[in-house]
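In Swiss-Prot this protein carries:
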BINDING   Gly7, Pro8, Ser9, Ala10, Ser11, Gly12, Lys13, Ser14, Ser15  ATP binding site
Amino acid sequence: MIIAIDGPSASGKSSIAKALGSRLGFKFISSGYFYRIITLIAQKFTLNEYDLLSESKILELVLQNDIKFNGVDFLLNGVNVTSHILNERIDLQVSLYSSYIGVRNIVNKKLREIVKLKDDNYIIEGRDITTVVFPEAKVKIYLDASVKVRALRRYNQRDDDITLNELEQALERRDEIDQNKEYGKLKLAKEVFYIDTSYKCLDDVCDIIIKTFNLKKK
């Protein structure tokens, strides 16, 4: 069974998906980490956050590198890069690279291969997970929150010099990009269960999703 969790950046997708995985005994996968690894690959060949590779070049580089998920960590050519893909520079570019249709096709294929390779129960989170990648998921959840709340969450996770106001502006730009993508845009899927997490704690959101999950099982 698949529980698919969609929604904008910093809406709580990863934290809630991980907690749900622990409570339900499901395996957790984040599509966003794949896009971040691809952005990390690109940044090895660029000078700064304003320097972007073409779609054809990034696809060429992706095919030259081995990206894997071992059930816990994300590996690039056998090296654990999970802790290296959450930084401001990647934040600024990941939406741009993930807007490339070829890049999205590669990530979506990897996600489907992971699920197909081992018949198991999965919680998979990411933008367009409920609309494009796994529209057939038994349970589809869309998590949302205000920009101010999402910026504060991201601010509390960071240890760099970015300000709260800068994070708000970055999230607003990212929302605009994600909502206007030609392919895989951020939107509500059919039969999706919408949850505003702005003023809900993690356990309360998990309880709501588990109730939905139990109803869908019947």
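Using the three backbone atoms N, Cα and C, a Cβ is placed for every residue, glycine included.
These numbers come from a predicted model, not from an experiment.
Other Cβ atoms within 10 Å of the Cβ of Lys13 (ATP binding site) number 26 in total over all chains. Highlighted in sequence order, Ile16, Glu125, Leu143, Ala145, Arg150, Thr197 have their Cβ within 8 Å of the centre of the Cβ atoms of Gly7, Pro8, Ser9, Ala10, Ser11, Gly12, Lys13, Ser14, Ser15, the residues recorded for ATP, and are not part of that set.
Within its own chain, Ser15 (ATP binding site) has Leu202 as residues 6 or more apart in sequence whose C-beta sits under 8 angstroms from its own. Highest Cβ count within 10 Å among the binding-site residues Ser9, Ser11: Ser11. Sequence-distant neighbours of Gly7 (ATP binding site) (same chain, 6+ residues apart, CB-CB distance under 8 A): Lys13, Arg127, Ile141, Tyr142, Leu143, Asp144, Leu186.
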